[in-house]
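K.L.:
Straight from TrEMBL, here's the annotation block:
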DOMAIN    A:5-241  domain 'Aspartate/glutamate/uridylate kinase'
SITE      A:LYS8  site 'Transition state stabilizer'
BINDING   A:GLY40, A:GLY41, A:ARG62, A:ASN157  substrate binding site
SITE      A:LYS223  site 'Transition state stabilizer'
There are 2 protein chains.
Amino acid sequence: METLKIIKIGGNIIDDEKALLSFLSQFSELEGPKLLVHGGGKLATQMAQKMNIPVQMNDGRRITDEANLDIITMVYAGKINKNIIAQLQANNCNAIGFSGADGNTIVSEKRSSQPIDYGFAGDIKQVNTNTLELLLKNNITPVFCAITHDKNGQLLNTNADTIASELAIGFAKNYKTELYYCFEKNGVLEDISDENSVVKNINTKTYQTLIDDGIIADGMLPKLNNCFHAIHNNVAKVCIGKPSMLFSTNTIYTTIQK
Amino acid sequence: METLKIIKIGGNIIDDEKALLSFLSQFSELEGPKLLVHGGGKLATQMAQKMNIPVQMNDGRRITDEANLDIITMVYAGKINKNIIAQLQANNCNAIGFSGADGNTIVSEKRSSQPIDYGFAGDIKQVNTNTLELLLKNNITPVFCAITHDKNGQLLNTNADTIASELAIGFAKNYKTELYYCFEKNGVLEDISDENSVVKNINTKTYQTLIDDGIIADGMLPKLNNCFHAIHNNVAKVCIGKPSMLFSTNTIYTTIQK
């Protein structure tokens, strides 16, 4: 089977124009089929502030009322996604922007309002890769923003890490899928203040030890749960680290194994 | 050759939620390959006002500075395009949203700043239909917003009527293309105050007479120039009228002929 790289970038790249341009230039050079998933960064919150629309968060997750869904749709699917596409085209990487509504690629369910009402937040129910595979076979790179739909006309705000892992799982029947989570650190760190303390490999057994020892906590927990969910559903490889893990062989990062 | 319908809708539908939902439901039922192009309506101007960003117009055309380009990208490619896609999916019409940057489908050139500097406004140089044809053959409907790119990373605001006509011309080598401009009137009217005074057919010769008689003027002139440009470049049929011209056989509208 051919290898498909699914790469997720977050706010630390999206919010830094120079870092984004540099990343997109290197991403364009990557050989073989690839797919990009991007988060939203700080721009949506800044937009809401400019428009005097209150932003409510709970436990680091946005409560998406109708006004905030509009902003997210404008910022993620509009400004961020289309500027990424234009830059990739400038680098001769033929790309098409996607939300989960486009091509009916990702169908979600509005999250239950109990115990906490997150508003228009979607939990992924189904991934359809046929159209995406058709494009990949024609050397076209899909670029996903973190928006899905419920197939009844409703757009839904959806976690970008989860979109990346569910896409990787969806492609696993036809590709050897590799999932790369790019973030601001070198990987999972044994000592959060020491960028050199990267835990190079984590498996199901050592994962539990790292949780018990308090090394994996807070924001890293859902991220690693996504990784293990992917690894246990036929994704061949999951890595966490700085984007350089994709482009340079002497980068240290964390690899997740069964 | 197979017939491809290219349909452009403007502000009168986009700005009216009920009219838009009704249109999208009927559009979904249309048989055969089809492609939708949508304008932006009043939403971009309203957004600019909310954000205290000045909007400058010249002769009915927007002067697109950087702040307004951001707004247009957010509103056209984000909010409007993704909501249309979600609605089409709800109607079982498998659609994918496009700007001209996506798939490098429409390459434009930033308009000369002389005699009037329109800012980030693009004039179309090249249309690439390969990827779109691949999708059409797989029963997927492309939906274009009025944004293109210069292939050097710059997005450009581009007239939606022109996008529709240039796409129709681009497809004409492989399809019998029909171009439908939906707007708020029944067609070209002999008497602007009488919706029953539709000029049913206009050809190159009668066009000049209608201009000389002052029947075609102002906003209708660029619209009809687009129509004749298409008709003289192998587009099989160009029609102007209300959306019902697409769905009902007893609608009166204007047909443009050579």
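Even glycines carry a Cβ here, placed using N, Cα and C.
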K.L.:
So of A:GLY40, A:GLY41, which of the binding-site residues has the fewest other Cβ atoms within 10 Å around its own Cβ?
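P.N.:
It is A:GLY41 that, of the binding-site residues A:GLY40, A:GLY41, has the fewest other Cβ atoms within 10 Å.
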K.L.:
Beyond A:GLY40, A:GLY41, A:ARG62, A:ASN157, what residues of that chain have CB atoms within 8 A of the centre of the substrate site's CB atoms?
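P.N.:
In sequence order, the nearby non-listed residues are A:GLY39, A:ALA44, A:THR45, A:ILE72, A:VAL75, A:TYR76, A:ALA146.
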K.L.:
Roughly how many angstrom lie between the C-alpha atoms of A:LYS223 (site 'Transition state stabilizer') and A:ASN157 (substrate binding site)?
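P.N.:
A:LYS223 (site 'Transition state stabilizer') and A:ASN157 (substrate binding site) have their Cα atoms 17 Å apart.
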K.L.:
Would you measure the largest Cα separation among A:GLY40, A:GLY41, A:ARG62, A:ASN157 for the substrate site and round it to whole Å?
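P.N.:
This binding site's residues have a maximal Cα-Cα distance of 14 Å.
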K.L.:
Validating a neighbour-count step here. Other CB atoms within 10 A of the CB of A:ASN157 (substrate binding site): how many?
P.N.:
25
K.L.:
At the level of the C-alpha atoms, what whole-angstrom distance separates A:GLY40 (substrate binding site) and A:LYS8 (site 'Transition state stabilizer')?
P.N.:
11
K.L.:
Pick out which of the recorded positions A:LYS8, A:ARG62 has the most other Cβ atoms within 10 Å of its own Cβ.
P.N.:
A:LYS8
K.L.:
Looking only at the domain 'Aspartate/glutamate/uridylate kinase' (A:5-241), what is the model's average confidence as pLDDT?
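P.N.:
So the average pLDDT across the domain 'Aspartate/glutamate/uridylate kinase' (A:5-241) works out to 95.
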K.L.:
According to DSSP, collapsed to three classes, what secondary structure does A:ARG62 (substrate binding site) have?
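P.N.:
Reduced to three states, the DSSP call for A:ARG62 (substrate binding site) is strand.
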K.L.:
Report, in whole Å, the straight Cα-to-Cα distance of A:LYS8 (site 'Transition state stabilizer') from A:GLY41 (substrate binding site).
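P.N.:
For A:GLY41 (substrate binding site) versus A:LYS8 (site 'Transition state stabilizer'), the Cα atoms are 13 Å apart.
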